[in-house]
Structure formats: C-alpha cells, structure tokens
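**Student:** As annotated by Swiss-Prot, region 'Disordered' applies to 1-24, 255-284, 306-328, 383-415. Summarising the annotation, Swiss-Prot assigns N-acetylmethionine to Met1 and lists similarity to another entry as the type of evidence. Residues or ranges marked as compositional bias 'Pro residues' in Swiss-Prot: 9-19. The zinc finger feature in Swiss-Prot is assigned to 29-51, 57-79, 85-107, 113-136, 204-226, 232-254, 336-357, 363-386, 418-440, 446-468, 474-496; the stated evidence is sequence analysis.
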Amino acid sequence: MEDSSLPVVPAPIAAPGPAPSATAPRVPFHCSECGKSFRYRSDLRRHFARHTALKPHACPRCGKGFKHSFNLANHLRSHTGERPYRCSACPKGFRDSTGLLHHQVVHTGEKPYCCLVCELRFSSRSSLGRHLKRQHRGTLPSPLQPSPGLPPLSSPCSVCCNVGPCSVCGGGGSSGGEGLEGAGATSWGLAEAAAAAAASLPPFACGACARRFDHGRELAAHWAAHTDVKPFKCPRCERDFNAPALLERHKLTHDLQGSNAPPTQVWASGGGPEVAGEGDASEVGAAPQTWDAGLLLSPTGAGVPKLEALLPGDEGSGNDQAPAAAAEASSEDTLYQCDCGTFFASAPALASHLEAHSGPATYGCGHCGALYAALAALEEHRRASHGEGSGEAAPDGEGNQAAGGPGPGSSSRSKKIFGCSECEKLFRSPRDLERHVLVHTGEKPFPCLECGKFFRHECYLKRHRLLHGTERPFPCHICGKGFITLSNLSRHLKLHRGMD
C-alpha cells in the first residue's frame with residue numbers, strides 16, 4: 001500500500017524540440033523546465049530531479065535523503081564499512097569507484113591536473129587548487145573569458161556547458177565571431193568524440209599541429225602559438241608573449257636582475273661586449289635557454305671568446321681588452337649563465353665551471369657515483385643533491401691540487417643571490433631555491449610505491465624506503481637489534497643504559 005504522505009513528484013514531460021537537421025545528432029528528450037535536451041529518457045529523469053527539492057531515497061539508519069538510488073547505495077557503505085572497490089597494487093579498499101581512481105594515481109605517478117599558467121602538473125585537483133592560490137593569486141582569468149587578443153571563444157554549450165562546439169552532444173553554442181572553429185580546429189561531432197574516447201585521447205584537436213586538448217579554452221590559448229597574437233605583456237619591459245608560461249619564465253630575468261638592472265651585455269662575433277638595444281634584447285630573450293641577465297656563453301666555444309680570454313691578466317690571448325672591459329662593467333646584479341642552467345656572479349666563476357664540462361671526470365661522488373672534472377663542481381653537487389657542506393673529496397686519479405685552497409669561483413658560491421618571492425629567503429643556487437619553494441607549494445613529488453606516501457625530497461624517500469626493506473645498517477651491539485638511522489639507535493641505547 002502506497003504512503004499518501006509522500007509528495008507526488010511530477011513526471012518529466014518530453015517537450016517538443018526544434019526539428020533536427022540531417023547532420024545534427026538525435027536528442028529527442030527535452031526538459032520542459034529549462035529546455036535542455038537528452039539522448040535517453042533515463043538521463044532526462046535524472047536531470048529533472050534537479051528542478052525539484054525532493055530526495056525520495058532516504059537512508060534507513062540516519063534519515064539522510066538522496067536524489068538517486070546509486071547515491072544512497074554509496075552512502076550505505078559508510079554505515080556498513082563495506083569497501084568493494086579494491087586496489088590491485090595495495091590492499092586498500094574504497095566505497096566507490098571515484099575514490100579508487102583517485103588513489104591509483106599514487107601508484108601510476110600520473111599527474112592529470114595541469115596549471116595553465118606555469119604548466120606544472122599535479123596528481124589531484126586539490127593540489128592544483130592550493131598551487132593556484134599560493135602561486136598565481138589574481139592572475140587567472142575566468143574560464144569563459146579569454147585574455148585580450150586571443151581568438152574569441154564560443155559561449156557555453158546549452159546542454160553540457162562545454163566551451164565551443166560540444167563534443168558530447170554535438171551542439172555548436174552561440175559563437176562569438178569565428179570562435180574556435182576559426183582557430184584552425186577541426187569539427188567536434190559525436191563521431192570524433194567517440195573515436196577520441198575509444199583511443200583515450202582528448203577530444204579537442206588543433207588543425208595546425210594535431211595537438212589535442214581536454215577543453216576548448218585550452219585549444220584557444222594554444223592557437224595563439226600558431227598566430228602573431230601575443231596578448232601577454234611584460235609590465236617592466238613591454239615585451240609580448242603568446243603564452244602565460246613564457247611570460248612567467250621571462251619575469252624571472254627581471255627578478256634575478258632587480259628593478260634597476262644594467263643594460264644587457266652580449267658577446268658579439270667580433271669578440272667584444274656590445275650593449276644590446278631594445279630590438280636586440282627581444283631577440284636574445286627569445287631563445288628558450290637564454291636569459292636577459294648577463295653574459296651568454298656556450299661550453300663548446302663556438303662564436304664566443306675562448307676560455308682563457310675570460311680570465312683577466314692571462315697572457316697570449318688575442319683580445320685582452322674586451323674581457324677586461326666586460327669585467328669592469330659587470331656588477332653584482334649581472335649574472336653569467338652556462339648552457340646547463342647554472343648561474344654565476346662573475347666570469348672567472350663561470351670559467352671555472354666550464355672546466356667541469358670539458359676536462360676529464362676524475363672526482364667521484366661517494367653517494368650516487370657521479371663524476372666531475374673539477375673539485376668545485378663535485379662540492380656543489382654534494383651540497384645541492386645530498387645536503388652536505390663543502391668537504392674534501394678524494395679524486396679517482398691524480399690532480400688533487402685544487403683541494404689545498406679555494407677555487408676561482410669559491411667567493412661567488414658564498415653569495416646568496418636567488419630570492420624566494422614568498423618569504424624573501426636567499427639561496428646560493430637555483431636548485432636550492434627550487435627545493436625551498438616546495439615548502440610553500442606543499443608539493444611532494446617523490447612517491448613511495450610500497451605504501452603510497454609522498455615526500456618533498458628524494459633523500460627523504462630513500463630513507464623511508466629502508467622501512468620496507470630488511471636492511472638495518474645500524475645494529476645494537478648489546479641486543480643485536482638493527483635500526484635505520486643513527487638517531488634511532490641512540491634512543492635505543494638510552495633504554496639499555498636505563499636498565500643497567
């Protein structure tokens with residue numbers, strides 16, 4: 001017998017829709033409240049529940065109501081403790097398939113969520129949200145409002161709210177100008193969307209380079225790379241860029257130089273420094289591995305002065321005046337970059353670093369086995385990668401003369417010229433700054449494949465992995481029990497001393 005106290009839910013009415021064209025997909029079920037169209041009657045019934053405040057599916061234990069029966073089924077598992085969705089890599093279980101999918105990212109290392117400003121990727125939506133709030137506060141435009149100068153976006157699809165021609169329902173939306181179709185994109189029909197889904201490919205394809213995207217707004221931003229449109233302008237030097245990531249990378253040059261930076265010095269083919277003008281500065285900064293911050297050198301020596309010419313006072317160089325003039329003109333704000341990405345505050349420091357690229361690798365790291373040609377390069381590697389201070393290292397062969405005194409670049413390594421924009425701390429190298437920034441972003445990019453924990457630095461992960469293994473390098477000489485770290489062994493020995 002039916003309960004008369006329950007309210008009667010009005011049945012959804014299939015409103016008559018517009019006459020379908022020959023190419024339009026068949027969506028015969030229309031909502032009488034908002035006019036949206038659906039391909040199946042079950043989708044229309046599920047959608048119609050949004051227009052009513054009724055939640056007919058109630059939990060028999062806590063009384064909470066749900067609009068759909070499958071939502072109630074998932075909720076009941078919170079009372080029973082049932083976790084039918086098991087992970088194949090670890091013994092963890094989950095109440096629904098969504099939780100299992102989010103967990104599997106821990107084992108696969110996949111990072112499906114990408115920041116559209118700096119192109120960093122994250123494993124969860126919450127991590128991406130924290131990154132956007134901390135690093136790009138107020139810099140992100142509305143998802144449906146393109147930046148000035150970009151090709152105009154179409155308005156959202158009336159069925160699924162996607163921007164541009166819809167890959168789900170085939171709707172074209174109300175175009176604003178040419179929209180995305182004028183941006184070299186192919187058509188977005190149901191056939192293409194189904195083929196892309198079957199091949200696990202994003203549905204939006206660029207007609208110029210065949211690159212695919214998950215959303216129409218990403219395709220619109222990407223299309224600027226194929227055109228002369230550069231809507232992103234640097235507020236300091238008025239240079240234009242066609243992508244926000246390129247603009248953020250360019251801003252680092254101003255941060256490294258400071259607000260009152262000297263003119264850029266570029267070594268020309270003639271051998272002397274030239275002050276680059278506005279047009280030259282734009283050409284230099286266009287290369288992906290060059291910066292507007294100082295002397296541009298290459299370890300191969302092609303088209304640049306020789307290594308001896310960089311050190312002032314050397315005899316036998318064919319052009320002594322040009323390097324000397326460059327050394328006098330350099331200041332504390334001028335940085336010198338090697339092609340490997342390392343910055344130096346002086347030309348002698350860079351010249352000493354270049355020996356690590358050209359000379360024989362005779363100095364070995366006792367931690368990872370990396371070989372270096374110069375002792376200074378080995379000390380920098382041990383300090384940056386393994387957290388050790390400057391110490392003596394025994395070379396594999398002869399040539400330990402550099403261990404007796406500081407190298408040419410030792411004074412520059414003591415300077416802290418790389419600053420954090422969040423807490424204003426200074427660091428000696430870009431690597432140290434990158435490691436420190438992880439404290440502010442909360443990122444932990446090193447996962448443990450055994451238990452799923454994440455760590456901020458690789459050394460922390462290596463130490464944690466000992467927990468899953470049988471190796472215990474620090475044994476107790478009294479009871480024979482082994483420990484992973486020396487600090488744990490010290491605490492254990494205090495127990496023996498307390499029992500004695």
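Here the Cβ of each residue, glycine as well, is placed from N, Cα and C on the backbone.
Burial and contacts for the listed features, if you can.
**Tutor:** Counting only same-chain residues 6+ beyond the ends of the zinc finger (57-79), those with a CB under 8 A from a CB of the stretch are 46, 49-50, 95-96.
Counting residues 6+ beyond its ends, the zinc finger (85-107) has Cβ neighbours under 8 Å at 74, 77-78, 123-124, 447, 449, 451-452, 454 in the same chain.
If you take every residue in the zinc finger (113-136) and average the pLDDT, you get 76.
Away from its own ends, the zinc finger (446-468) comes close to residues 90, 92, 103, 106-107, 109, 386-387, 435, 438-439, 484-485 of its chain (Cβ-Cβ under 8 Å, at least six residues beyond either end).
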**Student:** Could you give me three numbers for the zinc finger (57-79), the DSSP helix, strand and coil residue counts?
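**Tutor:** Tallying H, G and I as helix, E and B as strand, the rest coil: 11 helix, 4 strand, 8 coil.
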